[in-house]
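Lifted from TrEMBL, the feature list:
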ACT_SITE  Asp403  active site, 4-aspartylphosphate intermediate
BINDING   Asp403, Lys404, Thr405, Glu494, Phe539, Arg551, Thr631, Gly632, Asp633, Arg725, Lys731, Asn755, Asp756  ATP binding site
BINDING   Asp403, Thr405, Asp752, Asp756  Mg(2+) binding site
DOMAIN    36-90  domain 'P-type ATPase N-terminal'
DOMAIN    124-185  domain 'P-type ATPase A'
DOMAIN    778-1022  domain 'P-type ATPase C-terminal'
TRANSMEM  63-81  transmembrane segment
TRANSMEM  284-307  transmembrane segment
TRANSMEM  338-357  transmembrane segment
TRANSMEM  794-814  transmembrane segment
TRANSMEM  826-853  transmembrane segment
TRANSMEM  883-905  transmembrane segment
TRANSMEM  917-940  transmembrane segment
TRANSMEM  952-976  transmembrane segment
TRANSMEM  982-1007  transmembrane segment
TRANSMEM  1036-1060  transmembrane segment
Amino acid sequence: MIRWIRQQLGFDPPHQSDTRTVYIANKFPQHGHYIPQRFADNRIISSKYTIWNFIPKNLFEQFRRIANFYFLIIFLVQLMIDTPTSPITSGLPLFFVITVTAIKQGYEDWLRHKADNEVNGAPVFVVRSGSLVQTRSKNIRVGDIVRVAKDETFPADLVLLSSDRAEGTCHITTTSLDGETNLKTHYSVPETAVSQSVSRLESLQAVVECQQPEADLYRYHSQSDHPNPPHTLGPENLLLRGARLKNTKEIFGVAVYTGMESKMALNYKCKSQKRSAVEKSMNTFLIIYLGILLFEAILSTILKYAWQAENKWDEPFYNQKTDQERNSSQILKFISDFLAFLVLYNFIIPISLYVTVEMQKFLGSFFIGWDLDLYHEESDQKAQVNTSDLNEELGQVEYVFTDKTGTLTENEMQFRECSINGIKYQEINGKLIPEGMTEDSPDGNKEEELFLKAVSLCHTVQISYDQTDGPGDPFSHANGFSPQMEYYASSPDEKALVEKYITLFCLFSLAKCEPYSEGCLFNSCVSARRYKLLHVLEFDADRRRMSKGLRTLVVACRHFSADEYQEVDRRLHEARTALQQREERLVEVFNFIEKDLELLGATGVEDKLQDKVQETIESLRLAGIKVWVLTGDKHETAVSVSLSCGHFHRTMNILELVKQKSDSDPLYTLFHGCDVRLCLCRIREDHVIQHGLVVDGASLSLALREHEKLFMEVCKNCSAVLCCRMAPLQKAKVVRLLKTSPEKPITLAIGDGANDVSMIQEAHVGIGIMGKEGRQAVRNSDYAIARFKFLAKLLLVHGHFYYIRIATLVQYFFYKNVCFITPQFLYQFFCFVYLTLYNICFTSLPILVYSLFEQLVHPHVLQSKPALYRDISKNSLLSFKTFLYWTFLGFCHAFVFFFGSYTLMGEDTTLMGNGQMFGNWTFGTLVFTVMVITVTLKLALETHFWTWMNHFVTWGSIAFYFIFSLFYGGIIWPFLHTQDMYFIFVQLLSSGSAWFAIFIIVITCLFPDVIKKVFYRHLQPTSTQKSQVSCTFLKIILLSISVTGVKCLGAILTICVYGLKRMVQVHSGCVRIHFC
């Protein structure tokens, strides 16, 4: 237990040395000098709290907020000294805020715990005590021999010991790790490749000596000691956690890295608390208001002592001091009086704001899940909110970082067209037809047959059959397409071609594609022929060429005589068995073979994009949001998809920085030897040609090493950026570099795999795609959606609404509390009950309902006009200028409340029919009544989207105030010690002059605000206001048509309002609207 506690506190790390020794099957040495190394268990932890640290950790994080800490100090002051208000006025709201926030964050973390438990509790099979035992994933230990079956994911980082394949290999996909969809071949340790039974594995006496865990997915060095001389192991022997086994029945591997020490987990970024831009603005406003509060408290304290300088006011007859008060320290009295005034005026900083904000965020988050436009019917998945703290941040995004595979694409290759002997062929109704010919055209010629034979045979596709017991005859599938066949390939292009040609023709390729294996069959519906695969000349980065646009593969052939083939076979054998310069000799032989080729044709396949990806990217671009694609995929593939999805345009000037392998100036290479700063200036000033940038991971590291600032300037001035061959932590680093740049832009990251988790956690807002490759991204994201296309509505509609709602909520709360506390500062007197209920009952519900339902324009308009998103960018509604306006407005209204009522109740003025005069309680009640009505109607002026609930809480709050005041002051309550308000409100309302004063003061406060709104709408309208006017004008036209019954056959009315065009077409009383 002590060791575990030390490890949790970081004093006793699990491993100390640079290497670790793994004993296979945990067969440790028996001599007494061996000290076992300590390794992490196999649990994956994405949660933030535990049952033990939740309360202290959550309280620490909450009191790091300036507001919470401030109210805690106020509460403690109220407990320690005699203050004008009860500690309950601060303590109860603070307790409510802390409790609600803790419950919300605890619930969200419980969901993460639940997801972790599903992963950690997954059943796995391990070899223990001479048998195969089923256990849970979290129970795997370093050194355990684990069995993994076909289509299962690897539960830990395993060194491959053996597989059911005779050659000891297995095929895996790593889409969830690096985004690559192709099939990868991994190799078992040669000495253990034949150990395919549990008994033989249990009898192994072997050791794996490897490096300590590191995040690099592509780096692994170790050696196995199998009583023979050590055998070097590399990445091709390591099966990473999160990868999936394909086309192999089962494998056995020894766990070398487990749990949070696996490479997948090390590429996660530590989960931190994210704060929205609105919350940061609130903290800034809070500091300003804290300064105002201190000023008022100090000024009031000084004025008190100035007033008490005269003896008659220092100790009046009705308030005689005690001996203790007379002898107390003047400094302590000054401090006590200052703290008393501080508590009295502390309501200028509204704790109810934080209560309302928490409620608004929590309740508002449900609208995302309820939105049917974000529901994906095919997968039966709706949008998911993992944290509601960032709702308004969706309306402030400036950069979107997106993965490619599984996020922009469906992860499926589709055959598009091919060229045979110079003739273009396309698929029509399930047949491959030459361009310009019909389906009834005669069958193809010899060149076509040779092309189809080459495509059907020359590939590395693996085909798997779901067979019943017994080996069966694999060639029995040749006479027709079997729906039980599954295709796996190291190249997704080859897989797409083989699948398509099998369905288009009576062709079949039984791809047991190992050299010298019999099993490749070509069936032309007339005769079946068997072929033997002799050699595979593997592609490499230098010999592979790919076009932009469609992924094009050129098909060619060369005929060898028997003697020529013998020569080729001999040279290949010598090169492959060479001990020195093997790679160079293989390249030489490949070049000798691949010459004098006869061109047969070419194929074009395309990675299937998700629905409406191009439209979504274009909408984001129009909204002023820049899109960066960060992918682990190859350069050519990434560029091809960027072009097809509209991320890159054909007319865009593409700058490429790839394959940089030295520290020579990479930016010099990027601009072809030109001066970098001069070229950067040209990019900034060029408003005609758009620029795009392509950079790979290795080149990016070199560029950032010496020219980080300059390189980031180049990136920010490009319209689109594509980063390929990126490791997961590199993705996170790019996001961090941009979000910490001087402009501090708001970033959003979206992806679907485990390789995207670091990027998702690093960005201000992280979105997970509910894809095909696990749920790691969804579990670690702030929001989750089923498809990339849903991102447009999530930002342009929900983000827009959330931001304008909470921005108005924040400004309005500060405004109404200035209105509330300033008259008190001027008069320094008020009733305790009204002090408590002002923010809780009288003015809280209207702003809460507003913050849940307000819409400046219709959601369809926001989606059809993405440029409206620019109106709220860069936190414009919470700018310092806007904050000063609301604060100034609050002070102005407060002065009108106070001095308007004071003027009405001047000296010796009677407003009652019986000649009686109003007293101090009536004066305070009049000020408070005007205040409640004014601040409520001010919010009504800000409301554009009225629902029945808005009407209910707006007018209901005013009505509730009147009803409560009548009951509170109209009845003698036995549980109250004093009741100074008895009959005061009834007396006030019985005066016609008081009603007139209320009306005049309210109009005086709100009329200038109305004039200002009208003035700005006509002279400096925003794009959103223009859309509001045009939509309102259309409604009036349509209402007039429906009322007057106008029928204008074929008439088209074109309405232009502020440059926005709408078409209203009237056909026999039926009205149609065309959005231009």
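Using the three backbone atoms N, Cα and C, a Cβ is placed for every residue, glycine included.
Since the structure is predicted, the reported quantities are computational estimates derived from the model, not experimental observations.
Annotated features, which come from TrEMBL, shown on the structure.
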| residue | record | Cβ neighbours (10 Å) |
| --- | --- | --- |
| Asp403 | active site, 4-aspartylphosphate intermediate | 29 |
| Thr405 | ATP binding site | 29 |
| Thr631 | ATP binding site | 29 |
| Asp633 | ATP binding site | 25 |
| Lys731 | ATP binding site | 31 |
| Asp752 | Mg(2+) binding site | 32 |
| Asp756 | ATP binding site | 37 |
| request: Looking only at the domain 'P-type ATPase N-terminal' (36-90), report the model's average pLDDT. | output: 83
| request: Give the residue counts of the domain 'P-type ATPase N-terminal' (36-90) per reduced DSSP state, in the order helix, strand, coil. | output: 27 helix, 0 strand, 28 coil
| In the same chain, who gets a Cβ under 8 Å from the transmembrane segment (284-307) while lying at least 6 residues past its ends? | 66-67, 70, 313, 334, 337-338, 341-342, 344-346, 348-349, 810, 814, 825, 828, 883, 887
| field | Rounded Cα separation (Å) that holds between Asp756 (ATP binding site) and the residue listed as 'active site, 4-aspartylphosphate intermediate' | value | 7
| field | Asp403 (active site, 4-aspartylphosphate intermediate) versus Asp633 (ATP binding site) - Cα distance in angstrom | value | 10
| note | Near Asp752 (Mg(2+) binding site) (Cα-Cα within 10 Å), the recorded positions in question, chosen from Asp403, Thr405, Thr631, Lys731, are Asp403, Thr405
| task | Using C-alpha atoms only, work out the spacing between Thr631 (ATP binding site) and the residue listed as 'active site, 4-aspartylphosphate intermediate' and round it to an integer in Å. | result | 5
| query | At the Cα level, what's the spacing in Å between Lys731 (ATP binding site) and Asp403 (active site, 4-aspartylphosphate intermediate), rounded? | reply | 9
| query | What are the helix, strand and coil residue counts for the domain 'P-type ATPase A' (124-185) according to DSSP? | reply | 7 helix, 31 strand, 24 coil
